[in-house]
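Participant: One structure coming up, written as structure tokens, with questions to follow.
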Amino acid sequence: MAMNFVTFNQDYSYLAVATSKGFRIFTTDPFAKSYETKEGNIAIIEMLFSTSLVALILSPRRLQITNTKRQSTICELTFPTTVLAVKLNRKRLVIVLEDQIYLYDIQTMKLLYTIQTSPNPNAICALSPSSDNCYLAYPLPQKAPPSSFNPPSHTPPGSTHVSPTSGEVLIFDTLKLEAINVIEAHRSPLACITLNSDGTLLATASDKGTIIRVFSVPDGHKLYQFRRGSMPSRIFSMSFNTTSTLLCVSSSTETIHLFKLSHPTSSPDASPSSPVGRDRSLSQSSSGYSPDRGDLTGDVGSSDFPARKHNGTLMGMIRRTSQNVGSTVAAKVGGYLPKGVSEMWEPTRDFAWFKLPKPNQTSGGSVNNGPLRSVVAMSSNTPQVMVVTSDGNFYVFSIDLSKGGEGTLTKQYSVLESNDRLGYSVTDY
């Protein structure tokens, strides 16, 4: 039996696992099997909070909405191409195809809107769990190349050249059915994005994986910038805790990072002389964009963003930056430099971290020669981080919220074994 897909529900109280022989649902605290079916090769599974409604992808183009309590099918939908991702909240059902996103009213299953996107084979997309701030985030569609565009010489004859995914994020209001902002998050293509439970914060990572950024939603102010590491790494999963004070990040390395989102003491209209005010004054524009004008902290593309009228001229940016002189030494020095250079003086590293155990080659998971993939979430009841890996293991790590530092593995289970209560506790309290 192979594990095809794994995900937490919106409040991290349940874990859903899709396999080649049905699917399983577990409670996370305490860890126990809640539901299981052994029929069907399930490609994708998504839950709606703690309800009995489950969305399943049974074949590449077919979606089934199921009531697990009644063991009945609510509806089935077939799409023109392969379904790459499914997102749910109490108002909307989102279906992500490679170049389209379908929005449904989850109460009536009526199709409300179809969004045309640039090719998005990795299904980079995030839907807020909030019914009030019901925002959808996805890569900004790229304009078609001009008629004079020449594809690379290595492109096969007759094929269509596809540009890399944008580093910009489009914020779409799924209640008003309109795009409301674009956030220029990275110069490199996006690799992972996530929204917090209130739909007020957006975390982004590019395909370099060295810098994690957090923006306010929907206005797009850059609030935090974190360094995961200096070497490139593929970001697999990012998750805010329920109070949005911590951000957990997993990648193709074995280290899981936790970053602290300390609330700024200054007001949103802070003076540009303060570090917070300086960041915000340079990250917002009249259109709500958040330009990335010089990321020299490890997430650097081959060139700057194309010049845009609302961003102003380069000399204008330098003049504005040179006027942002703070009271501290770092602020004084950084104020005379372009924003990307000044950010090198203020790197924000992880607050806590821990390393995953080495993959168990004898487990029933779909382990290959590539890096161990992982999905992370934080418990809403205890200071613990939950991690599910592609080899079928579920880990629980305890963290010290006051001191941070290295976390401790306390529990380990398998999501692929047949027992109702699985695994063992690493430490017996």
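Keep in mind that glycine also has a Cβ here, set from the backbone N, Cα and C atoms.
Reproduced below are the annotations present in Swiss-Prot:
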REGION    262-308  region 'Disordered'
REPEAT    69-114  repeat 'WD 2'
REPEAT    139-182  repeat 'WD 3'
REPEAT    309-355  repeat 'WD 6'
REPEAT    367-407  repeat 'WD 7'
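Help me picture where these features are in the structure shown.
Facilitator: Summarised as a single figure, the pLDDT of the repeat 'WD 3' (139-182) averages 73.
Remote same-chain partners of the repeat 'WD 7' (367-407), defined as residues 6 or more beyond its termini with a Cβ less than 8 Å from a stretch Cβ, comprise 3, 6-8, 11-13, 15, 17, 26, 28-29, 31, 234, 236-242, 246, 248-250, 252-254, 256, 258, 260, 350-354, 356-357, 359-361, 413-416, 423.
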Participant: Determine how many residues of the repeat 'WD 2' (69-114) DSSP places in helix, in strand and in coil.
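Facilitator: Tallying H, G and I as helix, E and B as strand, the rest coil: 0 helix, 27 strand, 19 coil.
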Participant: Please spell out the DSSP helix, strand and coil residue counts for the repeat 'WD 7' (367-407).
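Facilitator: When I sort the residues of the repeat 'WD 7' (367-407) into the three classes, I find 0 helix, 19 strand, 22 coil.
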